[in-house]
Amino acid sequence: MKTDDLRDAYLDFFSEKGCVRRPSDVLVPNDPTVLFTPAGMNQFKNQFLGIGQLEFSKATTCQKCLRTGDISNVGVTAYHHTFFEMLGNFSFGDYFKKEAIHWAWEFLTTKKWLGLDPDRLTVTVYLDDDEAFNIWEKEIGLDPKQISREDEYENFWPAGAPTDGPDGVCGPCSEIYYHPPGGGKCVEIWNLVFTQFNRVGSPPDNLRPLPMKNIDTGMGLERTASTLQGVESNFEIDTLKPLCETVGEVLGSKYTYAGEHGRAMRRIADHVRAVTMCVHENVLPDNKEQGYVVRQLLRRAVLESYLIGKQEPVLHTLVPKVVEMLSKPYPELKETTQSVQEAIREEESAFLDTIERGLNRFNKCLDNAKSSGVIPGEEAFHLHTTDGFLYELTEALAAKHNLKVDRSGFETLMEEHGIISNAGKQKSVMAEGPLDAIRKTSGNTEFLGYDSTEATANVVGIIAEKQLVDELDEVGHKDLVAIVLDRTPFYAESGGQVGDVGSLTAEGIEFDVQDTQKDGELWLHIGHLKKGKIGIGQELAANVDTNRRDGISRAHSATHIMHHALRSTLGEGATQRGSKVQQDELRFDFAHKRPLAAEELTVIEDIVNTHISEGADVSTKMLPIAEAREAGAMALFGEKYPDFVRVVSMGDFSKELCGGIHLTNTGQVGMFKVIAEEPVAKGVRRLVAYTGEKAISEVRAKEAVLKEVMTELKVGSTEEVVRKIQQLQNDLKDAKRKLSDQMRQSIGDDVNDLLAKAEKIGDVSLIAHQLDNVDKDVLRDYADRLRKKTKAVVILATEIDGRVALLAGVTSELTKQGINASNCVKTAAKLVKGGGGGRPDLAEAGGKDPAGISKALEAGLQYYREQLQK
């Protein structure tokens, strides 16, 4: 059975049993306790906890998952992956143990479904779970020899919960194993978890039966496919083996399962597959949170590729194969293939620029660490900051040589330098426990804000210092508190739109709402009590600041128009990557590789203002998600949408899925003005723009500056301003040229002085120096004269009009020894936020951070020292 057929069969089977077929959650869920979705049950947390409205009591899914806890095993074992799919069926107080076991057996063994040989299946149950044992033996008919009782560390969820905790929902589980013909290693293919207890305190008698018992099961799609296809590894199934073979083709080395190259190719296939799925959902390589994990995975794959022999970026060419293998369940992958390839290529190229230097540094570390068995944190820090070797990469390389890395020393240096990756760190939720309690007693907040900016509502929860309180009576308290209402006109921050502000009032009561946030379907009105007392059940008048709300609406509607204008001007690939909408101001991040030209910005502005002047109608409509997509509504990749979605349409030019607040007519935007265009990350640009009165004020402010400039230059028109500035620039160039000529006359004395103070390694002079008020020609003169005088390596710098110019020079006889001026200047340029290159004997670079010049010169010197001491 093919993998796609297995997925369909599982979902069809449980749909026939009455389970609601739910789509996979996104890889980055709206859950602050995890970085990525680790299991199928994650999207059903509220249902398992009995929180909020229960729309269905049983469900089935095929969930996209990503885990990196066992990353060192990927490619080595038969079954470990980072990205994988998990089949699952769930019950929230509906069916329980009997049905879960019977249905699992029916699906596995009947010919209509998987048709596995019952004699090749064995099961485990929790030590004290007689109920499960009896179902397997007496109802299913298994020989007791096929049933094994295991302790709480093997067959309980969470593992060891009865003895070790934590408190909370837990239960025994039953695992199903398949034993392949020929006596191979048995494979766990399904885990049935019976969450039937609430653990309270330490044993004994600490497992209290739950009033609502649940089922949570998980069947690994790839693992079960390998069983059905009769192969010994997940990497040999129909959706992974072709990818591994393509890896071999790309690397110029035929893929075979055995050997280190086979293991490396499997790791590459796995990691590129995972990265493709993440980048598709807008998770780009970065130095924090999910982006850090993506960067780690991709750089591991690049290193494997480099060690096999590929020294140029090639892994991005695997993306189409990944998409081909996963396009049936996830057809939307085809829409982002090109942008995913571009993002991966850019990260590959960046790492390949430094990888050789990093490996050389690492090999030196190996020699020094053999006696201690530990690579110092300082070396790991330099590998991370200078060579792009993330800590985990250094750790993995060290493990191959049976060495450890001083993580504590590494983290100390990272903190001292203000470089925090945030990898693996999890955000906190405001008062998660109290919010759960409010959900259980009061349900969700009803949102009225699409139609109104004022309403009467009752207080259902008050959270102060992350604790539920019955009454709030502290006037002028310093810490923010949150009021939860049963209904509200306040928009809670989401979808890039900031939360509303305003007031909650009653006779003798005034609460200043400074922000509105939400957790699930609960709205948190965050602010300060300015007058009176507020208690549970209190009726309040909720009033949104309408002036601010109107400005936000103008900016949000303008954002949709601008998105259309961007795609019209730059192409369909200029898709949204993030946004922030506030009062008459918007920030919009979009996929694009290069800065926008002034002419392009003008075209975008003109398109937006034309649609504003047209006064096109803005309408909203609730539609089933499938119908909305068929109608052409744009959706953000990586966002999770409900079954019914809100479609915002503007004239005949824009249609997007959006839950934000909008105008009723584009003419209400008034005016649109782009303020800035800047980079955000590789392949992502940002536009900042103003709308309404703020846009008008910006234009007036610029006009006032222009008038002031005209006065200072003593000219009467804007045309004369340009001519006068050009004249002044020419005068300045002449003055600098004269200064440079004077500097050249004194070069001889300066060169002798620099040589006298130069650092020496053997008979080679190492010179690093910053020159003031000179141009690039003077830098070259200095480098030429220094190299003619003696055997030397040189790195020079100067600041020109707020930017950095770097120049590296190496005497010709030293270039033959492998010392390269281009590599030196590239190393130095990173410290001034720039780049460059050139010949082995002479190379130049630029940068935009003059504050980093001294560090750049030292980095260049350090490069020379390392090369000369080889």
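From the backbone N, Cα and C atoms, a Cβ is placed for every residue, glycine too.
Predicted automatically and left uncurated, TrEMBL annotations should be read as such.
Here's what TrEMBL has on this protein:
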- HIS556, HIS560, CYS658, HIS662: Zn(2+) binding site (BINDING)
- 718-745: coiled coil (COILED)
- 1-701: domain 'Alanyl-transfer RNA synthetases family profile' (DOMAIN)
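Mean pLDDT across the domain 'Alanyl-transfer RNA synthetases family profile' (1-701) comes to 89 in this model.
Within 8 Å of the centroid defined by the CB atoms of HIS556, HIS560, CYS658, HIS662, the record's Zn(2+) site, lie the Cβ atoms of SER557, THR559, VAL618, VAL648, GLU656, GLY660, ILE661, excluding the listed residues themselves. The 10 Å shell around the Cβ of CYS658 (Zn(2+) binding site) contains 23 further Cβ atoms across the protein chains shown. For HIS556 (Zn(2+) binding site), other Cβ atoms within 10 Å of its Cβ number 26. For HIS662 (Zn(2+) binding site), other Cβ atoms within 10 Å of its Cβ number 25. Sequence-distant neighbours of HIS560 (Zn(2+) binding site) (same chain, six or more apart, CB under 8 Å from its CB) are VAL648, MET650, SER654, GLU656, CYS658, HIS662, listed in sequence order.
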